[in-house]
Amino acid sequence: MDILETDAYDKRQRRNMSCALLFSLLPFFLSSALYFYLWTPDLVPSVVSAGVKSAPTLLLAVVVLSWNGGQSVLGVAGGLIFSAVGDCCLVWPELFIHGMGAFAVAHLLYSVTFLSSRYATYSASSLNCFLYLILLIVGGAFYIYLFPFLQKAPNSDLLTPGVGIYFILITIMAALAIRTRHAATLLGSLSFMVSDASLALQVFKVLPPIEHGQIYVMVTYYLAQLLITVGDIKAVENKDDFSKWKRS
């Protein structure tokens, strides 16, 4: 098999894998559509509403496990499972702190994954350092802006430091996503930050009530989880391709 034939074969393989990945993501798209179709802002919190909300994230965890294997439980799949727990907790306002804790664990698992060998290691560049600095400034400025509103919230003694720690973890996760140089992973992490910032502005009453504000939160959230999932699967695929190239 010459170089042209090998290249054509590799392209067919990638196309087939992309089609298979898209097919495996169909349950996620359908469950997300169901969530928005059943959307009722004044719905009484229930196990059913928690299940509908967390289903898309759990289905993404199944996709990661089916593609990357059981070791993903301590990586992106585990992060998605903890995110689903967080989804359920946030259905009940009194469980907000528990939900924030679940998402904090998810960010830790994502961060550990972005540091793993499945993502190629690149030397730090001046652009990366600049982006890290921007993330640090934006995250710090947002927390300072949020601080007086946290002081007025119920359980402020827990929320004020808890939200600070949470913002540190999600900022580290986004910084490590920059390090991976995977577009889907980076965009997913940034979308997660946008979703959480939007949620914080509404929960802590920084802004007046926004019509359909929660929909903006969930659209950016589901998009973030989807992109992080695809980025993790592609990272493993690219690593396997690189290994084959080295052996050839």
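Positions of Cβ are set from backbone N, Cα and C atoms, glycine also.
Caution: TrEMBL annotation is automatic and unverified by curators.
For the transmembrane segment (20-38), same-chain residues at least 6 beyond its ends with a Cβ under 8 Å from one of its own Cβ atoms are 52-53, 55-56, 59-60, 62-63, 66-67, 215, 218, 222, 226, 229-230, 233. As annotated by TrEMBL, transmembrane segment applies to 20-38 (among others).
Summarising the annotation, TrEMBL assigns transmembrane segment to 44-65 (among others).
Annotated transmembrane segment per TrEMBL: 72-93 (among others), in sequence order.
According to TrEMBL, the transmembrane segment annotation covers 99-117 (among others).
Beyond the transmembrane segment (129-146), the same-chain residues lying 6 or more positions past its ends with a Cβ under 8 Å from any Cβ of the stretch are 163-164, 167-168, 170-171, 174-175, 178, 193, 197, 200, 204, 206. The transmembrane segment annotation in TrEMBL covers 129-146 (among others).
Taken from TrEMBL, the feature transmembrane segment covers 158-178 (among others). If one looks beyond the transmembrane segment (158-178) by at least 6 residues along the same chain, the residues whose Cβ comes under 8 Å of a Cβ in the stretch are 97, 100-101, 103-104, 107-108, 110-111, 114-115, 128, 131-132, 135-136, 139, 142-143, 146-147, 150-151, 185-186, 188-190, 192-193, 196, 200.
A Cβ distance under 8 Å defines the sequence-distant neighbours of the transmembrane segment (185-203), meaning residues of its chain 6+ beyond its ends; these are 96, 103, 110, 114, 119, 139, 142, 146, 163, 166, 170-171, 173-174, 177-178, 209-210, 213-214, 216-218, 220-221, 223-232, 235. Annotation source TrEMBL lists transmembrane segment at 185-203 (among others).
The transmembrane segment feature in TrEMBL is assigned to 215-236 (among others).
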Same-chain residues at least 6 beyond the ends of the transmembrane segment (215-236) with a Cβ under 8 Å from one of its Cβ atoms are 21, 25, 28, 32, 35-36, 39, 56-57, 60, 63-64, 67-68, 72, 75-76, 79-80, 83, 110, 113, 118-119, 180, 182-192, 194-195, 198-199, 202
